[in-house]
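As written in TrEMBL, here are the features:
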ACT_SITE  Glu538  active site, proton acceptor
COMPBIAS  1-16  compositional bias 'Basic and acidic residues'
DOMAIN    36-441  domain 'Amino acid transporter transmembrane'
DOMAIN    509-690  domain '3-deoxy-D-manno-octulosonic-acid transferase N-terminal'
REGION    1-20  region 'Disordered'
SITE      Glu608  site 'Transition state stabilizer'
SITE      Lys688  site 'Transition state stabilizer'
TRANSMEM  65-92  transmembrane segment
TRANSMEM  127-152  transmembrane segment
TRANSMEM  158-176  transmembrane segment
TRANSMEM  188-210  transmembrane segment
TRANSMEM  230-249  transmembrane segment
TRANSMEM  270-290  transmembrane segment
TRANSMEM  310-334  transmembrane segment
TRANSMEM  388-406  transmembrane segment
TRANSMEM  418-441  transmembrane segment
Amino acid sequence: MGAPSREDEETKKMEAGGDTVGQKLDAGALFVLQSKGSWLHCGYHLTTSIVAPPLLSLPFAFASLGWAAGLICLVIGAAVTFYSYNLISLVLEHHAQQGRRQLRFRDMATDILGPGWGRFYIGPIQFLVCFGAVVACTLLAGQSMKAIYLIANPGGTIKLYVFVAIFGVFMMILAQMPSFHSLRHVNLISLVLCLAYSFCAVAACIYLGSSKGAPEKDYSIAGANTRDRVFGVFNAIAVIATTYGNGIIPEIQATVAAPVTGKMFKGLCLCYAVVVTTFFSVAISGYWAFGNQSQGTLLSNFMVGGRAVIPEWLLLIIELFTLLQLSAVAVVYLQPTNEVLEGLLSDPKAGQYAARNVAPRVLSRTAAVALGTTIAAMVPFFGDMNALIGAFGFLPLDFAVPAVFYNVTFKPSKKGAVFWLNTTIAVVFSALAVVASVAAVRQIILDANSYKLFANSLDGPGSMRTARTPASAARGGRALYELYRAASRAAAPAALLWRRLRGLEHPSRWPERLGRPSVARPRPGSPLVWFHAVSLGEGMAALPVVRHCARLHPGLPILLTTTTLSSFEVMKDLIPDGVIYQFAPLDCPDAIENFIGYWKPSLILLMESELWPNLIVSAAEKRIAVVLLNARMSLKSFNRWSSPIGLQLVSLMLSKLSLIIPLSTFQAVRFQLLHAPPQIIHFAGDLKYAVGDIDAGEKAVAAIEDLQQQFSSRPVWMAASIHKGEDKIILRVHDELIRMYPNLLLILVPRYPRDIKNVSQTLKKQKVNFVLRSTREVVSSNTSELRMLYRVTPIAVIGGSFLPGLAGHNISEAAAVGCAVMTGPHVGHFYHMLVEMWQINPFAVKQVKGEYELLEALKQLLGDSRALEACQRAAKDAFSNMSDGVVNRVWNLVRTFTIGSQTDTWGSFSSS
């Protein structure tokens, strides 16, 4: 037999307790860092420690960097860490060949830089990084378990810290695996799991981003002002550094059996094949799908307000795979702690499984896991602390220190590229570590006031699963509110006069806009519910809830307000008997105080986007519950409220609300990004689906029957809610159709009564026969007849959608009575309604791109009765499916969050 190699001799020396760095191996190195693994095992360990659930935060980092800078940072992070980890490997191999195999990061620092570096810097920093990773994994795992629980049991009340504790108990068992090498099979499973949940997350992003209900994408840099955007960049760099971070490369290489030469490089190649596959795909697909609305992890974007926005089965798979891999990641990062504890408490001369060593091992590891679990449960805002640890730990350990180790060990020529490359990496990333640490400390200071021990939410400042937003955003809100209050008091008289001169106010009821009532309040001293809607669409959406409230609480005073004349003309004939109708007060202090002081509402329900500072703050100060129903916010409004001034004011208002029922999950995301408390956001459905449930009155039924008799012998189509400029498109299309169908009748309904005159003049110029409320070539009507007319026409084209700048109108009213529904390309927030109808039946609504497609679609329906009947049936079925129970769900939420505390006073108004 040949003479044994130096590597074989080193292995035997280590197994016998031989020295490293001139010292006897302690029990920690001897037992925990056993050198028995292959390069494949090394690859498994590397992949588990690097490709972990924090990669789901990469889209959030992109939100602060943008496409170009985000991709550059991702590429640089991959290149520098791959290079740095290879530098550490080369240094370790060099010392091993000299008979001084180093097994721990602090051993390297002690041998290369001196004892002080290992004992007072590298050792403590590595310990903090690794134990911080254990705490973070425990918290994330608890949040994943609670998310799974909420999917399976919506509205469940089990607290977050319970799930953290459950995971901690599981970790106490897993932590007893004796050595790093014994985790090789666990880490192989972990490698498969990270590929699995990354693939599922990418699929979910593509599904969500390409669906017809995709959120509006905004790729501008996140941040309310320049200062926030600058610090956001450094926070994002810290996120990317934490994602690429490892911190235990020497400990992983220590698990490789001698000879070690080249094995770490192979393991790194395996690891970085997975890194490139997962990091880039998740970052790109996530940022593409959500833009600057990307939250702390993709898991938060997939689940909003306790409701999944992707298929529940897919979210369950992602959460489950994430949870399982977190257990592997946590136990890997527990190894340095185990090694230290074993070195302090175990006897290297006794066997690894001797009773002398087993008892201390079990007790110390259990205690370490218990400590980490307690911190995770007690400090669910650990995300901010973890960002600091990442900036202060991973950036120097994994980016800067390896370059220093290499230059000191190999002493490359100062004229060579390697020396200057390493020096540049060390200097640049050391500076970044300092700046990123400052940014992380700043974030902790900003969020400190909102930290709560044992908090129960999956979200919130400092959470591992949410975008970290300053709790101080609303601090300046009160000052801004006082400024707004003074300005509105000064401007209100002039604003009201200007509106009166333009004919936008009721000629005799305008004093109501100053909070002066025109009728007496019924039942003084009793509760009163105030519904407020700005215009006709919002008023119609509120009407089903108004009727429901009146039916459940007969005799309860109910007040309904709107602001526009068009809504007044329609709503006055539709409100239930006993409901008081008034024009809403201007949002100025005197008008609001007059109005609230006289009516004394117990509950205020605002529709959609009615965020008025004086009204909301004044009501909150008087302890009046304020609810936002069908809450929505356009992208334009969101960007305006996200400005440095707007964010502070809107944060103040949203903090005063008792309940927000958003129009869709994407609207919920916007309200959360504007700092609405997550616990007050709940879903019930879109109230505009319930508008079609409003029954026609006796007079309307008679008028409908009369119109049906008049139109029975003629083909009819209708253009509803037509805006100025759209009438020309409609009339050109009708002019083409009438060549094919000479007896064709068009019912044209302008959106605003004031436009009837303009439409009439256009028709006269074109020498088209028409009358108002008649049966000739074109009928031009007004919105008060709209619902009646839907019942006599088989085809309804919904306006407000054919010109840029318009934002569509409610299509559910037409669908409710079985019209074949069409709309143009510009539908604004109503797009989510189209999507939901398409999901039920693709023929439920036809969206055309413009005039030509509208003409062709009308030709098809007018010429094919079977196609027309199919579209009518699809629209009615879709409406029926979506409207079912929405009003009950809305009122149940309102009752739970507001009326529940007033049961005694409301009881006398409840129906039996």
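Even glycines carry a Cβ here, placed using N, Cα and C.
All TrEMBL annotations are machine predictions without curation.
Here the structure is a predicted model, which means the values were calculated and not measured.
Listed in sequence order, Thr562, Met607, Glu608, Glu610, Asn630 are the same-chain residues at least 6 apart in sequence whose CB falls under 8 Å from the CB of Glu538 (active site, proton acceptor). Listed in sequence order, Gly537, Met540, Ala541, Asn630, Asn810, Ser812, Met833 are the same-chain residues at least 6 apart in sequence whose CB falls under 8 Å from the CB of Lys688 (site 'Transition state stabilizer').
With a threshold of 8 Å between CB atoms, the same-chain residues lying at least 6 positions outside the transmembrane segment (388-406) that come near it are 80-81, 84-85, 87-88, 90-91, 105, 108-109, 112-113, 122, 125-126, 128-129, 132, 234, 238-239, 241-242, 244-247, 249, 412, 418, 421-423, 425-427, 429-430, 432-433, 436-437, 439-441, 444. Simply put, out of 65-92, 310-334, 418-441, 65-92 has the most Cβ pairs sitting under 8 Å from the transmembrane segment (230-249). Proximity of distant same-chain residues to the transmembrane segment (270-290), defined by a Cβ-Cβ separation under 8 Å and at least 6 residues beyond the stretch ends, is recorded for 39-40, 43, 46-47, 50-51, 55-56, 58-59, 61-63, 67, 70-71, 74, 78, 82, 191, 194-195, 198, 201-202, 205-206, 208-209, 214-215, 217, 219, 243-244, 298, 301. With pairs at least 6 apart in sequence, the transmembrane segment (65-92) and the transmembrane segment (418-441) have 3 or more Cβ pairs within the 8 Å limit; the two touch. Residues 52-54, 158, 160-161, 163-168, 171, 245, 247-248, 299, 303, 306, 308, 312, 315-316, 319-320, 322-323, 326-327, 329-330, 333-337, 340, 368-369, 372-373, 375-377, 379-380, 382-383, 385-386, 389-390, 392-394, 397, 458, 463-465 of the same chain sit 6 or more residues outside the transmembrane segment (127-152) yet have a Cβ under 8 Å from a Cβ within it. Listed by sequence, the residues of this chain that lie at least six past the ends of the transmembrane segment (158-176) yet keep a Cβ under 8 A from its Cβ atoms are 138-139, 141-143, 145-146, 149, 186, 323, 326-327, 330-331, 334, 338, 361-362, 365-366, 368-370, 372-373, 376-378, 380, 454-458.
Glu608 (site 'Transition state stabilizer') falls outside any helix or strand according to DSSP and counts as coil. In the structure as shown, the Cβ atom of Glu608 (site 'Transition state stabilizer') sits within 10 Å of 24 other Cβ atoms. Per-residue pLDDT, averaged across the domain '3-deoxy-D-manno-octulosonic-acid transferase N-terminal' (509-690), gives 89. According to its DSSP assignment, the residue listed as 'active site, proton acceptor' is helical.
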